[in-house]
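As written in TrEMBL, here are the features:
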| type | residues | note |
| --- | --- | --- |
| TRANSMEM | 7-24 | transmembrane segment |
| COILED | 190-224 | coiled coil |
| TRANSMEM | 241-262 | transmembrane segment |
| DOMAIN | 303-515 | domain 'Histidine kinase' |
| DOMAIN | 536-650 | domain 'Response regulatory' |
| MOD_RES | D585 | 4-aspartylphosphate |
Amino acid sequence: MISIRKLISCGYILIFILIGMIIYCYQYEWKKLEVLEKENRTTDELRRHVNELNFRLTGFSLLGETILEWEDKDIANYHLQRMALDSMLYYFTSIYPFERIDSVHYLLEDKEKQMRRIVQMLDEQKSIKERIARQVPAIVYKSTQEQPKKLKRKGFLGIFGKKEEAKPTVTTTMLHSLSRNMIAEQQAQSRRLSEHADSLAARNAELNRQLQSLIRQIDGKIQADLQKREDEIATMREKSFIQIGGLTGFVLLLLIISYIIIHRNTNRIKRYKRETTNLIKQLQQAVEKNEALINSRKKAVHTITHELRTPLTAIIGYTALMEKGNDADKKEQYVRNIRQSSDRMREMLNTLLSFFRLDNGKEQPNISPCRIPAIIHTFETEFTPIAMHKGLALTITNQTDAVVLTDKERILQIGNNLLSNAIKFTENGSVSLTMDYNNDTLTLIVEDTGTGMTEEEQQRVFGAFERLSNAAAKDGFGLGLSIVQSIVAMLGGTIRLESEKGKGSRFMVEIPMQTAGELPERINHARIHHDRTFHDVIAIDNDEVLLLMLKEMYAQEGIHCDTCTDAAELMEMIRKKEYSLLLTDLNMPEINGFELLELLRTSNVGNSKAIPVVVTTASGSCSKEELMERGFSGCLLKPFSISELMEVSD
């Protein structure tokens, strides 16, 4: 699994690469913009030249309108303007054919020549006018010096005759001559001027056409360049927007993904921290629990060892006395004391076994119908003599006659423990037991006027192997209330304690249970041994003393019992003889009871596949039901009596 640091590092590296790509795109687009700006500046320069060309052409055209008033300086100015226009036209050779520009240059030069000729003819007309102006005064003066003669009439008295015709004078002759010459020159000048004007008009038309074509083409070039630049800029902007937008969006996506990954990993780290913290707490609690368990086990071992030493010491002591003594009466007393100590040890061991099975969840309730009055009767029969012997008033009250479905033995165990503790720790006063059944709940209340408990003692009293100060001189392991609490929990009930130091205690147990149908009155019969179908029993155990005890117990009941200590010997004996029952220990060094049962059922030796097998055990790790499910025919818990042995053998 990739660590969070590597993921974050890879994410940052990828983001930096994308940012570098964005910067590169910006720089690339910036350079393209610079190129376009440069081209735009060139286009703007071209446009400026076109505008200047238009301006100069307009000015140049207007100069020709005042040609009638031109002087030498105007002709020189016209020539300078024409030369400047020529120079400007050559600027456009990159976008307009040189031949066309040269043609325009020729037309401008020819126009200038025509203009010069027109100006020259105008100057000649002006000189003619000046010459006329100089000759006319001389003719006028001369005409004033001549006296024309008076003409006489011919005929009588000059009346009826015709006048004589006057002869032309010199002045008249001069005027006529001047008039003819001037008219001829003017006509010639007018004709030449008209020719030059026609030629100039043709040249102007061609020049205008050429210039218009030039301007249109240049303007079209400029407009095309501008449109191209605009298209390129639009395309570049669109492309830049797509690229930069895409990269930016990808970066944002990566940032979002990085945030999600980091957030998820952060939450995972937080969860791991919480889980680690919880695990540490659980481990600490487990360590504390284990320490408490170890201390409890140490305390339990110490308590068990201490409590078992007393009856064991009595057994060993009375056994030694029996070996040395010869008095029959004393031996009988010694035997009773040994049996009493053995029963006490068995009771202690049964208590320990019950506690450990309840503590490990190995016990299950055995639900069956039972009468509550029968339970009350059992309590009265067992505890009334004990209370009377101690001088206590025992009150047992039953407020119901219901028949319920419950585990009768567990209910008796609860009542026995509570009543025995109440009687044990009450020196004077009274002890009471009240039982009631209402709303599908059995209520059992035990009250006493004993020593009572403090708040701190009430918290400790249900602990395993817990012995309060008032129990230091009493027999027992301190498991009674712990067993009661476990049984009540197993049956789905609750137990409450109310106590006050010096005034007594009150235990209230509530257990849910259902009612059952009416049961017929039971007739108590003594155990009757039916005719046994088995005659020969074989037992296997690694303890030869226990095997000898089994052999003697069966012998007292008239049953033959063979014994062996290993599986090979057992199989050999089964091969030679058919037995009706096999007793085996559950835990043996070489082979355990489960393996032995499997060996028997898979072998084809004698009646090994069909022989009933009863298991004997001192372990509380398996219940009777579990052992029966594994294939055993019965279960005998150690230690056991002859009656228990015969009962399981039946």
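Here, residue 1 is simply the first one shown, and the rest follow in order.
Note: Cβ is positioned from N, Cα and C throughout, glycine not excepted.
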DSSP-derived class (H/G/I helix, E/B strand, else coil) of D585 (4-aspartylphosphate):
strand
Please count the residues of the domain 'Response regulatory' (536-650) that DSSP assigns to helix (H, G, I), strand (E, B) and coil.
47 helix, 24 strand, 44 coil
Model confidence over the domain 'Response regulatory' (536-650) (mean pLDDT, whole number):
86
